[in-house]
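Encoded as structure tokens, the structure appears first; notes follow it.
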Amino acid sequence: MPFEIYDELYPYLFQADVACKVFRFINFTLAIATGLMLVVISSERYRRICRPFGSQLTEKQSIYALIGIIICASGASLPALYVYGIKTTKIPGFDSFGTECTWGDHIEVYVGYIFYGETLMTVIGCMIALVVIYSIVGKYLWEHAHKMSKNMRTKYQMKEPIKLDVIEEETADQIRMARDSFRSIKQSNENGTAAKTDEMKHKKCNKKARKLELPIKNIKQNLDATTSSGNTSPNHIPKTSPNWKRQKNLQTCDMKGLKKAFKNVTGRPAGANPLLSKPEKNVPDREKRITIVLFTITVLFIVSFLPYIVILILYSTDESYEKSMTTVEHAVYLIGLRLYMINNVANPFLYSSFDTKFKKHLMEIYSFLSALI
């Protein structure tokens, strides 16, 4: 940043050729590394959110990824050491010449355009990858939130009290159907061997149906007796009575039979979501918060680089458009050309605003540096 400030304050007095090459190389390296880093981070967010049970990026892999990003960004920025240098240019409004840090006098103009094209393709490629990955992550989070709200409504409906009359009616229908089926098969297949086999099967079904009658009747009788007497003890027997515990055990057994009857007759309640039986991929709140922070940083990266990309495209199509600018237009042009640097400066503030852990570590670093000074 200090280099860029000096370059803008003294545009026609820059004469350090080596400093020009080195600082331009560092600027391009940081810009390309930022885009590549955000792509790696977005892929890590995709794994955390959309594939929580799959392989995740480990700390060792993160170090390797960081080293790879630095190498790739440095390699893509190496041409800047050759392209940039001191260029002699005429000062507007004067008959004298000055020197500035831009494409050097030693290269042809098309070489600079090739380098600009390479940088543009890299940055635009990173932007497209970020938009695609975060679109997938955002779609998954939206579907997950919709599914969770739907499941919560289903669970609330399933907690409503079960009406005994409905269960008894459905159980009676089940018993009636079993008996009718048994009689019809017995009458139509009296002399056949297959009829005997079917008869044995339906005897078991009839026997099971009779077992289902007992808990329903007992529970119904107990509830009626309790309601009429207003006593909450089992079958309105006082707790001090010696038969109270025995009666309570019988009622507990009847309740177990009721649950079994409900399970056999009705199965899963109507409207119950079958996804409830599957493990949910819950997304922790911290992961969501980190994803929002990184998404905000990605948006800032794209917004801050857009003016730079537009200016490079305009400069590539018409090199003389800068000369026809007014003072205000030229100031806006220079700000847009350097606006991508705001991205690196704003990142720590965004992290500290949303992530308390990062803010704590940042304050510890500042405290340590203050102690050294």
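Along the chain as shown, the residues are counted starting at 1.
Including glycine, each Cβ sits where the backbone N, Cα and C put it.
TrEMBL labels come from automatic prediction, so no person has curated them.
Feature annotation from TrEMBL assigns domain 'G-protein coupled receptors family 1 profile' to 1-351.
Annotation comment: TrEMBL describes 22-42 (among others) as transmembrane segment.
TrEMBL lists 63-84 (among others) with the feature transmembrane segment.
TrEMBL lists 120-142 (among others) with the feature transmembrane segment.
Annotated region 'Disordered' per TrEMBL: 186-205 (among others), in sequence order.
Residues or ranges marked as region 'Disordered' in TrEMBL: 224-246 (among others).
Distant neighbours of the transmembrane segment (290-315): 31, 34-35, 38, 41-42, 45, 48-49, 116, 119-120, 123-124, 127, 130-131, 134, 137-138, 141, 321-322, 333, 336-337, 339-343, 346-347, 350-351, 354-355; these residues of the same chain sit at least 6 beyond its ends, with a Cβ under 8 Å from one of its Cβ atoms. Summarising the annotation, TrEMBL assigns transmembrane segment to 290-315 (among others).
Per TrEMBL, transmembrane segment is recorded for 335-354 (among others). If you look at the transmembrane segment (335-354), the same-chain residues 6 or more away from its ends with a CB under 8 A from one of its CBs are 1, 4, 8, 27, 30-31, 34, 289, 292-293, 296-297, 300-301, 304-305, 307-308, 310-311, 362.
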Non-local residues, at least 6 beyond the ends, that sit with Cβ under 8 Å of the transmembrane segment (22-42): 3-4, 65-66, 69-70, 72-74, 76-78, 80-81, 84, 101, 119, 122-123, 126-127, 129-130, 133-134, 137, 294, 297-298, 301, 305, 340-341, 343-344
